[in-house]
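Quick look at what TrEMBL lists:
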COMPBIAS  1-12  compositional bias 'Polar residues'
COMPBIAS  721-735  compositional bias 'Gly residues'
DOMAIN    589-661  domain 'Putative mannosyltransferase YkcA/B-like C-terminal'
REGION    1-24  region 'Disordered'
REGION    713-741  region 'Disordered'
TRANSMEM  37-54  transmembrane segment
TRANSMEM  111-136  transmembrane segment
TRANSMEM  142-161  transmembrane segment
TRANSMEM  173-190  transmembrane segment
TRANSMEM  196-226  transmembrane segment
TRANSMEM  238-258  transmembrane segment
TRANSMEM  375-393  transmembrane segment
TRANSMEM  399-421  transmembrane segment
TRANSMEM  433-455  transmembrane segment
TRANSMEM  461-484  transmembrane segment
TRANSMEM  496-519  transmembrane segment
Amino acid sequence: MKTANLSATALNASGPGQGGEKLTLSASQPTRRWQRITLGVIVAVSAFLNLFLIQQNGYGNAYYTAAVKSMLMNWHNFFFVSFDPGGFVTVDKPPLGLWIQALSAKIFEVLGFGFSGVSVLVPQAIAGTIAVYVIYCLVRRYFGPVPGLIAALALAITPISVTLNRDNNLDPLLVLILLLATWCVMLAVDTGKLRWLLLCGLLVGLGFNVKTLEAYLVVPAFGLFYLLSSNHTWGKRIIHLALALFVLLIVSFSWVVAVDLTPASQRPYVGSSQTNSELELTFGYNGLERITGMNIGGRNPTNNATSAPSPSSSAAMPSFAGGMMNEGGDPSALRLLKPELGGQVSWLLPLAILGLIAIAWQARLRLPLNRWHQTAVLWGVWLLACAAFFSVAGFFHSYYLVMIAPAICVLAAIGLVTLWLDYRQRERSDWRAWMLPLALLLTLAEQLYLISSYGAPWSTILVPLVAVLGVLGIAALIIAKLQIKLSGGTSKIQRPAVIVSMVGLLFTPLIWSVISLIMPANSVLPTAGPMLVSGGMGSMIAELQKANAGPNGQNAPGMPGMGGRRGGIGGGMGIGNPFGGEKSDPKTIQFLQANKGSARYLVAVQSAMSGEQLIIDTGEPVMALGGFIGSDPILTLEQLQQKVKAGEVRYFLFPSANAGSLKDLPASIKEMIEKMTGSSNFNPSSMMGNNGKIMSWVQSSCKVVPAAQWKSNNQQNTGAGMPGLPGGTAAGGPNAGPAGNMEVGMNNQLYDCSVTH
């Protein structure tokens, strides 16, 4: 029988074909000219999606951008990834990704472009583009150019990947590093040389220094792949893996240990930790809490990292309901298929799963594994490990899903070609010959479900379009396999049928990716595509939009603007929008700089999210008393009072004493917040832990600076405002406005603590 004309590298595996003929992914032919041109086009499309109009995203996530600016000021801040120029508190991530951004920003400065948002966004855009080429090379190495091109195209237009590539969150850098590590472990198996496995361990360790334990999601895949595929003896394989693990751990924890061994008085406080420890941050906030759910707890601030929790503060702290802290709802085996998450990354997930099954049945299982089963183990375990985490995790954001994107793209691409060969070469009496139409049908059904969740106009336009293309292609494949007589024969329609189906299946992800070019993303909680009309936090956002609308649809005073992909701030902050990258109020900056005197800090704020834009705009030290979201136990009230007395800090920018509360909100929103927090008596100030004492002291003891002295006229607002949700928690959907800390939308007040009551 004639073999299907689809190229792939020679595989040491085969399965029964029609009439006992071997089923092979043939061809170790050189890449053809049209394939090289196609690859160039795909990489160019990726670069365009990642870079075009990237400047409209401003400073991206200003929390990290402020840290980069601070890191450029001295080596001390650079090494410890200090959030602020004064070295008061660090950001909540390890250093490597931010070091890369700082290097990029420095290059821009040397070239005369100055510090800008683009300078910190470009590294991720470049990393995302390179990742598209690397994933082609990885698939091409085992399966040839055609599956490689499909995988590269799928990754290039994966919505959440494109959105993150245009942002300064660190995940694109991690994905590229792990893809390079994948290349190394494949070389270790193919060549038998230990150095490639050690390099793989080194790269995963570097990935750990980008996003900590998130990098370890792929370690089971790498370990099993080498253990079951290497031609070495079992003993040698285990020794090699132990050596690679040793390298991985040394590289992973070298910086963490260096920070923790540095005396606390000689470095910034470790942000988002409760004991001023990078190890605790790694295994707590960035580790176990991602599984169990976020608990914004508080401890008594102390210089002793082993202090016990304060019963009074801990009791007051909300333990948020795990499911509501996620943008994908409650833990579930089907969570990745829910609209909140599926619209980000799961467009080809059914095809990837059935493709994985098809890859596995191509040959009998024997050790060492052949190419088929090597692929199933490497990419299948990658997929399953990530899927398991996202199915059970109590606290994560939808943009973390970029970690599973490479596995979905690779398995969908290889699976499509494998299913195509099964379809072409197996008899119609063989059930495996029908798996291609089935896989396309299930993928089509999932996409129609996801699209319909977005409402008009998206569902109105895209559902019929995608359905028609998909049904036409699938129907043509069925007709051809049944050999129903048509004019011109049936064999000629098989390939166009698959192409038409795939065009339909790739169309919506492309549209969702293009939206990232048209509308700036919410840089704190970046999501791709338009806004969901229902489900999860999307319902809250819709209610907020209704409550936020004035008589002519304008934002009501004091309420956070939630419309659009980048949420606005209603008013009264006096420092600009900490989420949208807006400039700080010039009058605020002018007043603070003119009056701070010899104080070390320009101003003290409740959380990093309230001071990040001031740091970007001025480059001056801003004291974020509670770290990222305002709950870090950095100082006791007595320690702060000593700093005030010593003249280190004079001004405090806090919510006014009569700022808004939940009682001012519509009943529907209060009900949602109560469900999320698990309390009917939730008080936003409880999120501050012991820092609430500091805020109370400032509000009651320090002089209120009249708004006219430090706020521009258009910033002055007397509305009570609406208390936000904990910083970086849940967003309603791809269009949701930012979920900020409790200062967002509040009527902030400047206090002068050089004069106390």
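Placed from the backbone N, Cα and C atoms, the Cβ positions cover glycine too.
Sorting each residue of the domain 'Putative mannosyltransferase YkcA/B-like C-terminal' (589-661) by its DSSP state yields 27 helix, 11 strand, 35 coil. Contact between the transmembrane segment (142-161) and the transmembrane segment (496-519) is supported: at least 3 Cβ pairs lie under 8 Å, counting only residues 6 or more apart in sequence. The recorded stretches the transmembrane segment (496-519) and the transmembrane segment (37-54) share 3+ CB pairs below 8 A when only pairs 6 or more apart in sequence are counted, and are therefore in contact. Long-range contacts of the transmembrane segment (111-136) within its own chain (CB-CB distance under 8 A, at least 6 residues past either end) are made by residues 39, 42-43, 46-47, 50-51, 54-55, 57-60, 64-65, 68-69, 72, 100-101, 104-105, 145, 148-149, 151-152, 155-156, 161-162, 164-170, 172-173, 175-176, 179-180, 183, 406, 409-410, 581. The largest share of C-beta pairs under 8 angstroms with the transmembrane segment (238-258) comes from 196-226, of the ranges 37-54, 173-190, 196-226, 375-393, 399-421. For the transmembrane segment (173-190), same-chain residues at least 6 beyond its ends with a Cβ under 8 Å from one of its own Cβ atoms are 96-97, 100, 123-124, 127-128, 130-131, 134-135, 137-138, 141-142, 161, 196-197, 199-200, 203-204, 206-207, 210-211, 214-215, 218, 222, 225-226, 229-230, 240, 374, 378, 402-403, 405-406. Among the stretches 37-54, 196-226, 375-393, the one making the largest number of Cβ pairs under 8 Å with the transmembrane segment (399-421) is 375-393. Packing against the transmembrane segment (196-226) from elsewhere in the chain are residues 93-97, 170-171, 173-174, 177-178, 180-182, 184-185, 187-189, 237, 240-241, 243-253, 255, 282-283, 286-287, 290, 374, 377-382, 385-386, 389, 400, 403: each is 6 or more residues past its ends and has a CB under 8 Å from a CB in it. Each residue in the domain 'Putative mannosyltransferase YkcA/B-like C-terminal' (589-661) has a pLDDT score, and their mean in this model is 92.
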